[in-house]
Amino acid sequence: QVLILKGLKQEVSCLCPSPDGLNLAVGYEDGSIRVFSLLSGEANITFNGHKAAVTALQYDHLGGRLVSGSKDTDIIVWDVINESGLYRLKGHKDAVTQVLFLKEKNLLVTSGKDTLVKWWDLDTQHCFKTLVGHRTEVWGMALISEEKRLITGSADSELRVWDIAYIQEGKDPDEPESKKSKGSSPGAEENAEEDETLELDECPEERLVKCSKVGSIMREGRDRVVTLATDQTGKILACHGTDAVLEVFSVLSEEEVQKKLEKKMKKAKKKAKQNSEEEPERNVELSLQEEIKRVTNIRASSKIKSFDLILSPKGELKIVLLLQNNIIESYNLNLSAQVPQAVRASKISIGGHRSDVRTLAFSSDNIAILSAAAESVKIWNRSTLQCIRTMDCEYALCSLFVPGDRQVIIGTKTGKLQLYDLASGSLMETINAHDGAVWSIALSPDQRGFVTGGADKCVKFWEFELVKDESSVQKRLSMKHVRVLQLDEDVLCVRYSPNQKLLAVSLLDCTVKIFYIDTLKFFLSLYGHKLPVLCMDISYDGTLIATGSADRNVKIWGLDFGDCHRSLFAHDDSVMYLQFVAKSHLFFTAGKDSKIKQWDADKFEHIQTLEGHHQEVWCLALSPNGDYVVSASHDKSLRLWERTREPLVLEEEREMQREAEYEESVAKEEQPVVAGEMQGETGLAGKKTIETIKAAERIMEAIELYREETAKLKEHKAICKAAGKEVPFPVNPILRAYGNITPSAYVLEVFKKVKSSELEESLLVLPFSYVPDLLRLFNEYIHLGSEVELLCRALLFLLKIHFGQITSNHMLVTVIENLKKTTISRVSEARDVLGFNMAGLQYLKREIEAKDEVTFFADATDRFEEKKRKRKKKEKMVLAVL
């Protein structure tokens, strides 16, 4: 491991490295994009424009622009250098699956789940062509043969190949030279109208690109394409479906195609001679299967999630696969071999599980953590976060540490209890405990035994005992079945009361039954949940029992009379796990909504929410001292939470929660309509966020301060005039903090601090009443020649969105006239400076290149002379020997 790029709490949905290899663009589940520097590991740029997960990212060949596609059906082109959005392209009716820049032309190709492939002209920002040859979703695309061919993969086993012909500006070679004259009869007029509509439809279609289907390459996989990609040279094409097979194809270059054609021609001539045929040669063509050859299939150890490949100059192909079970595999493929075979070079599988963790437990000393999944049990060291033991097991559902922390017991889906010894990491004993799954296990408070509940409608009581093995002299730990409690429904959860007098059993009929442990007589029934109770726990003093159900509610009951104290709506999905903190009435719940929440069972209040998991949280465990919580989720991660010494103020938590809800509501609001903008294919790249609103508020505050200060200055001048002497002027503390700058300079400072990617959206929510002042200030700044590029960008945007109001305002006529003069002169000055600098740099480049060539040749002649000397010396020696 070399580097970790730390993002926010959202899940990463997409990755794309820049062409220079120095940056990595990362798309997230919430629609944001962050560009990380791979040298420093920090996020330099953040783009906010999408409302849903980013599904595709692509840089152009220079790395100056980045295009993103999303589940919200929009495509956005971003300017990486200026750190701002250029425009939004709308046209797809479903999630965008792939976006590709064309190097030679300023064109973009996009595919979507709406079965369409769209071609966009980025100069005019509109879709000029749509390919409709697919019956199902287009899941992947790739450009090959120097961007003269497009390959698309969809939900069937066909990879469709399309020929791309770029049409030169001017006349299409296939177009008919003259149009037929049209008659004057009504019928002829109708025909003429039809012809015109056809022409109108077809003209833009074939204006820039002609795209025609050549044929198909068949994949071996029967399911949909998940990833389809080429290496950087475009010589190797690879794809995979939802299975564990990666199919690799090689694409012939133009030279190789020519060579093959010449060979074919020779063969055809030979054949013609043998058959003594004198007919002219037929056109010899290569089939698509010959141009795009299957190299081999690589079978990974599990289902493939994603891949990347690189072709080394020596002709060896290196492939990296990311698998569904949390493993990364690397393969080498020698393409020059007669029968290329993929060899697994390395594999990265850090300590984690290969499947979802379904049960967790803490040891009594708070140091070890047990996690068990479908294939293994792992013991982790809490302080170092390292896995110290891995033991194979059956599908685990519940677990506990045996008192003394030297053994662990696992309850499985097949109804077995498995006892493991931690010192040796071996399975000591397996007992067939239940006829169905063992859903729950609970240690007795006296630590002499435990109780299990299963899907066979039984609660079984067990005791620990020492038995003598025939093989060894020492006694070993074992489990002895003591009693059984037969019930009418499947048992989902069992818990002891701390005084070991009562046993709580949750059943599939949505009730919780309480029994006396000594006689197994029925004591109470807790009913009120609409769906089965999946988890429950009893507080340390035995007064309260909290139950969590699939109906998303948590109910708190008194154990003395079975009365429901309060019902809390806890999660947005099933409550999967619940546990009290030791020696308190606080408890934690874990839900399928990916959240962990802490509650107070006395005041019935929500204390805090722990957000970090991206998918359903299956289980959690609290350390016996209450300082740590460990949680396991469907996102394949275990997360460890630590209790800090920082006091938690509930009011502050509520305030933070309200702010988060407000931010969410702002993001979900309808975007403001831009005056004069057609609601068609294009739109603004950014979106309204809490940051853009704050930026607009800062600009408004700065203009307010400017207004107040200018008014005060006028008053001050009047006072000085009346007094006939200079009176000291009180400086605003904000301006003093900025180094006693003028109010207008302060507005510019605030303006410069607005992020480039948020500028347009901030100006969009700025009320018009502030615009006249801003225009006057812009005139002043541009006249002084400061920040010309930034101010021109803001000025043109303000003129675009407030065009009607500005032109109808007579007060602003002179301002606009002045702006017209100053901006044109200043912009031309800036362009001259840039042009001069460019010319200077190019001259320096030529000078350096010329110098390098001279030194290179000088170096070569020196070497040649040295070789000559050595050869002469050798000859002399040979002569001497002779």
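From the backbone N, Cα and C atoms, a Cβ is placed for every residue, glycine too.
Note: TrEMBL annotation is automatic and uncurated.
What TrEMBL records for this protein:
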COILED    251-278  coiled coil
COMPBIAS  171-180  compositional bias 'Basic and acidic residues'
COMPBIAS  190-200  compositional bias 'Acidic residues'
DOMAIN    744-846  domain 'Small-subunit processome Utp12'
REGION    171-200  region 'Disordered'
REPEAT    47-88  repeat 'WD'
REPEAT    89-130  repeat 'WD'
REPEAT    131-164  repeat 'WD'
REPEAT    350-390  repeat 'WD'
REPEAT    431-465  repeat 'WD'
REPEAT    526-567  repeat 'WD'
REPEAT    568-609  repeat 'WD'
REPEAT    610-642  repeat 'WD'
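Long-range Cβ contacts of the repeat 'WD' (47-88) within its own chain (Cβ-Cβ under 8 Å, at least 6 residues beyond either end) map to 13-20, 23, 25, 27-35, 94-101, 103, 108, 110, 112, 114, 120, 122, 125, 667-668, 682-687, 689, 691, 755-760. Sequence-remote contacts of a segment are chain residues at least 6 beyond its ends whose Cβ falls under 8 Å from one of its Cβ atoms, and for the repeat 'WD' (526-567) they are 492-493, 495-499, 501-502, 504, 506-514, 573-580, 582-585, 587, 589, 591, 599, 601, 604. Only residues 6 or more beyond the boundaries of the repeat 'WD' (350-390), in the same chain, are considered here, and those with a CB under 8 A from a CB of the stretch are 302, 325-327, 396-401, 403, 405, 408, 410-411, 420, 422, 425, 618-625, 627-628, 630-634, 636-638, 640. Remote same-chain residues near the repeat 'WD' (131-164) are listed as 94, 97-98, 100, 102-104, 109, 111-119, 209-230, 234, 237, 239, 251, 253-254, 288, 292 (criterion: CB distance under 8 Å, separation of at least six residues from the stretch ends). Away from its own ends, the repeat 'WD' (431-465) comes close to residues 397-400, 402-403, 409, 411-417, 419, 477-500, 503, 505 of its chain (Cβ-Cβ under 8 Å, at least six residues beyond either end). Across the range of the repeat 'WD' (89-130), the DSSP-based residue counts are 0 helix, 25 strand, 17 coil. Per-residue confidence over the repeat 'WD' (47-88) averages 92 (mean pLDDT, predicted model).
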